[in-house]
Structures are given as structure tokens and as C-alpha cells.
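Features of the protein shown, as given by Swiss-Prot:
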- HIS129: active site, proton acceptor (ACT_SITE)
- HIS291: heme b binding site (BINDING)
- 1-10: compositional bias 'Polar residues' (COMPBIAS)
- 1-59: region 'Disordered' (REGION)
Amino acid sequence: MSDTQDNAPASAQGVDQKAAAGCPVAHDSVTAHGSESESPAIDSPTPHSGGRPRTNRDWWPNQLDLSVLSTNSAKVNPLGEDFAYAKEFAKLDVEALKRDIVEVLTTSQDWWPADFGHYGGLMIRLSWHAAGTYRIDDGRGGAGDGGQRFAPLNSWPDNVNLDKARRLLWPVKQKYGQKISWADLLVLAGNVALESMGFKTFGFGFGREDVWEPEEIFWGSEDTWVGDERYVSEKEFVAGVGATEMGLIYVNPEGPRGNADPAAAAHFIRETFRRMAMDDEETVALIAGGHTFGKTHGAGIADDHVGPEPEAAPLEAQGLGWMSSYASGAGADAISSGLEVTWTDRPTQWSNRFFEILFAYEWELTTSPGGAKQWVAKDAEAIIPDAYDAAKKHKPTMLTTDLSLRVDPAYERISRRFLENPDEFALAFAKAWYKLLHRDMGPVSRFLGPWVPEPQLWQDPVPAVDHALVGDADIAALKAKVLQSGLTTAQLVSTAWASAASFRHTDRRGGANGARVRLEPQRGWEVNQPEQLATVLTTLEGIQREFNAAGGTKISLADLIVLAGSAAVEKAARDAGFEVTVPFHPGRTDATQEQTDVESFQVLEPRADGFRNYLRPGEKAQPEVLLVDRAYMLNLTAPEMTVLIGGLRALEANVGGSRHGVLTDRPGVLTNDFFTNLLALGTRWKASESTEHVYEIRDLATDTVKWTASAVDLIFGSNSQLRALAEVYASEDAREKFVTDFVAAWTKVMELDRFDLA
């Protein structure tokens, strides 16, 4: 659905396409030889600031970026830490809200007139483009946080004039205040628009909470809008991005790189929609369903008339961009994509006319008034209404990407089936639209409101709790059983971590609930140590069977995996001299293999997990960069990441029993030895001559190797910010604080997917 068309970052995003440029995190400073510094023997770094005040990033552009671990902190939220969106939403009259949105849709404003007297097409595009940035690789993007309000999304060329749609909705947002988030409103508007034009939607879930600053997302390496450096061949573009060109949601509607070839376009449509978790049928349904309504806008040449995007617009524009000097600049004179296409002769009514018109004509290439490549029906009568003049009609027109649905063999088969079976098409579009709007929201348990349908497979469903939950006495007895089972602390901790740390905060997927670590594909992931995992699960399943057979309360394997890890943490703390109780809240259930889409879960397999000192073979990105990205996925702060690394090293949670970073002679005991030995004087670190990313810590006096460690371990002594945190935990008075903080961070990870506890 479209109305248009750095070098190595110190972030995990984008490193794949930049690996050839070298190490994404430089371990030496960037210097300018021959520059004048206080000491002429020392090269000075060359800052790159473009005239603005210089920051650390300008001086050291490859410095490890920890800022992502403090994005959208409570300090930037004007609603305060006590604000609970679910509680405010409960006060909302959703039917009244829907009526007010319909009023907006059908009340044309002079400052931005409605096409055909209805803003439905505009609002569908608004919602689509809010949700359509989602990508399966890392779960980033999507409509879940209202990020379209901020740069860069608010100024993408594919989002041209959606600022007007958001402004049209402002009176509704103003009226209901915090009872409805912008994130919910942006996608609800399109849903209501469909219903107001006669379409039966599949459902809708509220529950998206607003952010107050944009998420730092790598959208591509290009430094120009609609740049296409991401192409590595005529038929391939790099992994990790969702669109074919910078600033687009999916593909260029004129065709790949502006080449009006519907067959070539189909290849990239399929790939971009796959990266958003859509199959061929969903793709066809979405394109045809969305293009049943509204029109594109290309009344004139944009370069001659259209002003800057919102982020570049002057103060007096007040957040509006793309102001046009072409005639009135709006309505019939509007310029958005430069394309001038109205797909059907009923652009404000649900129908099957998109397919009927697509297959009724042969099509020839033409040029829009805005200079864009589009297609017009050969030998056709003018049957398409004008958006503003009831006396005018136009010949049918289509985009290059519309014709892909007829030219591509697989798409054509689906399209003809939908042409002949309108009800089947309507249901397919309803389900695909629902998936589009909700793909990044996680499980249905997070959804609010009265219109939520039954859970779908792509929502990773788990069964409801159907048994009495364990109490304190049961928990104590189960812990004792686990600790007497013969399983080691390292085995129990590693298994609990493997189960819980699959979570992605970006799209709320993964986590311990469901115990999917015992199912395909997770049970076979190298990072989860399949042989050890099978041993641990077999033992825990035996404990579970015995306990549940006694009658009364029961425990799921999902709960027992977490409880067993927590029991091991408590024992390790006790062995260190500290009595602690790791908080535990039963209520997880066990998913089945039938409830688990193997292909869908495959994207959750980590390329690295620094917490377990794991790096996938052949991985080119720097381990410490990937550690920060993993911490971000787990919604951790820098201090939480730090204390977890130290604790997990002490507990020997490394994959494969690796000794790297286990800087203690008391393994299995929850001590702060990792930090004290990492920062100890009288030693030096040396890169291993035989193993990449491995370092040796040697005694300065004897040059003997005392420990080995990974780059992930060393970064806590090398990076100045992380070293400051490590020093806290290495201090003499920090032993108890270390244990307390580790338990808190551990519990947070174990409960990341317990949305019912919020």
C-alpha cells in the first residue's frame, strides 16, 4: 500500500551489509595523521559534526553505543511512572470513539479536502504505513508505539502527506486524551475507515502504548531518500531491512529502481512482504484490498512545487510538511507520490472491483501528470469517477505493482481465485489486515477492548491455565526436588535462561511462557545446547509428572523450568554467604507443537548471546555490539546487562562449557569475582593468536595465562561507561548489592513475557 515512492554503526543493526567495510567497533581511535595536538607525537581524532556542537560520537564514531539501553526512559514520559494505559483505556467509550472517527472521515476540511468526500483511503494508508514498517528479522518497526509521529518516519517520502491525516485526527485525540494512545488511534482510524465503507473487519485490539522519542532503527545505509544502495544484485537486497529503497514501506510502486516491469516488481513484493511475515495469499489480499479504496496523488511535478518534509519544514509550518505551491496545493491539486491512480469506480465502497478491473483490460504504460510511470487500460471507456468533479470520468489506471498480481504466475492464481470468490477474498483481506495491524503486539493477553478475536497461530498462542497453581509450600518442595536431582547449577541456570531469553521486546515474541524451548525449532538451536537441554528437560519432566500425579495443585513445565533456574540461583547465592529468595509467580502454561509455527519461530534464533558467551560460527559482527542488541531485546538497562554478565559468568552459563570469562576459582557460586578479576591490577590482556574474539589475561610478573575471555567480557573493562558500572560491582562493599541486583535482573528476564503480572 503505497502513495509514493554510515558507515559501520556501533550498533548491531546494519552490520551485515557493512562487514566488508571492517570492524563495526574500532578498538583504536580514528585519527588524523599530521594534525596539531598538545602532544605532536599523538594523533588527534578527526571529528565529523557538520557544523553542530561536537559530541563523543563525532570524535569516536565507532564507540560502542549504549544509548539504546536508556531510550524512552521514565524521564521523557510526561505521564509519569504511575500512569497505566490499561486503566485509562477502561474509562473509554469505544463506540463513541468510533462514531467520532467516522465523523472525521466524512467531514471534508477546506485546508485538506477529502477525496470523493471521504478520508477513508487516506486513513487506510495512514494505518498501513504505521504498521507496515514491521520486519520479522529483529521485530523492529510496526505500529505498536506510535513511532510514525516522529522522525524519520514522519518525513519518509512514502509517508508524504500522512501528516495531514494525523492532524485530521487531532481533535479526536484531544477529546479523549490519555484514554486512547496515538499508537492505537493511528491504526484504529484505518480499521474504522474500512468498516465505514462497508467492509467487515476481522477484529481489533487496543493496547499499544505511546513512546515519547523515536526508537533508533537501522533503516538502511543510504544517505538519500529512495536510495537503493541495499541492492546486492538485480534480484537481491541486503538482509535486515524491510523495504527495497530508503524511505519506502515496501517497494517502489513504479517498479524496481523505477523500472516499470511488473514481473520484476513481483519478485521484490514477495520478498518485502515475506520480511513482514506475509505469505503470497496475504500479500495479494492486502494489496487488492487496500487498493479497492481511494487514490494516489500526482497532479503536478513535485520537484517544482513541493516543499520540505515535516522535519525540515520551517517553524511556522508547525509540524506539517510537503506544502505545495501547485495551484491550491490540495484536493484535486495534491501532489504526494506523483502517481495519479484511482483503482476502482467505487473508491469509497468495499467491492471486488479491483480484480474485475485488473483482469478486464489490457494495460499500456503511460506517465502521470506528476511524471511517474503508471498504466492505463487500453481501449477503455472512462468509468472512474473524479475525486472532486462529479461531471468528470477517467480511464482505469493501475500501478506497476498492481499488475504484478496478474503477471506473476503464483499471484495470478490467487488473484483469479479471489476474482471468482469475492467472499473468500473478503475474509482473506480481513485476516491479513488484522495481522498487519497487530503483528508486533505479541500475545492476545496484551490486547484490550471488546473487539479482540480468537488467538491466531501467528500470535504464538499458549493454553489458558486449567489447574490450581502451586503455593509457597509446593514451591519449596519442588525446589528441594530440583536441587536433589543431580542437575548442576550451570545446567539449571542455562536452561532457564534459554527458555526466557528468547524474548524480543520489539515484538513481544518468545519468552518462557509456553515452554517452547522443548519444541522445534528451539530445542535444536546450537545456542541452547540440545544434548544438555534434553537431559535437563527429561529430569524436570520427571519431577513434574511425579508432582502433578499427587493431585491438588499442578505445575507446568514452563513454570518448573523457571523455578528450577531460580532454585539454582538461590543455592549459588547461599554458597556465597547470602540468603535470597528469587521471586516466582506461577501461571505459565505449556504450548504444543501444533500451536508453534516452526518457520515463524526460526527468526528468533540468536546470532549471538553474549550472556552465554555464544557467537554463531561465521558471524562477522562484533560480539560486544551484538551483546548490546541482545540486552535491548531483553529490555535491559546498562546496569542490568552488566550485573547479569557478571553473575552468569560466575554460574558457568556459557554455551558448551566454555571457560572464557569465568574469572573465578569458585565457579557455581554467585560472587562478584568476574568484576574484581577483570579490573585487577598486575595483569595484562592479550589477543589470542589462535582463536578469534578470544583474549588471554596474563600475569605481568610471570606472563602466565590466568584466565581467558571473550570480547564481550573485555568490553566491561575497556568501554569507559561499562567500566564505571563494573567498578561498582568490583568494590569491597558491593558483594551483597551484586547478589541483590543480579536476582532482580534475573527475575526481570524470567518474567519478560508475563504480561498478566503488569
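Including glycine, each Cβ sits where the backbone N, Cα and C put it.
Around the residue listed as 'heme b binding site', taking its Cβ as the centre, 26 other Cβ atoms fall within 10 Å, counting all chains. The residue listed as 'active site, proton acceptor' has a Cβ environment of 26 other Cβ atoms inside 10 Å.
Distance between Cα atoms for the residue listed as 'heme b binding site' and the residue listed as 'active site, proton acceptor': 14 Å, as a whole number. Secondary structure at the residue listed as 'heme b binding site', taken from DSSP and collapsed to helix, strand or coil, is coil.
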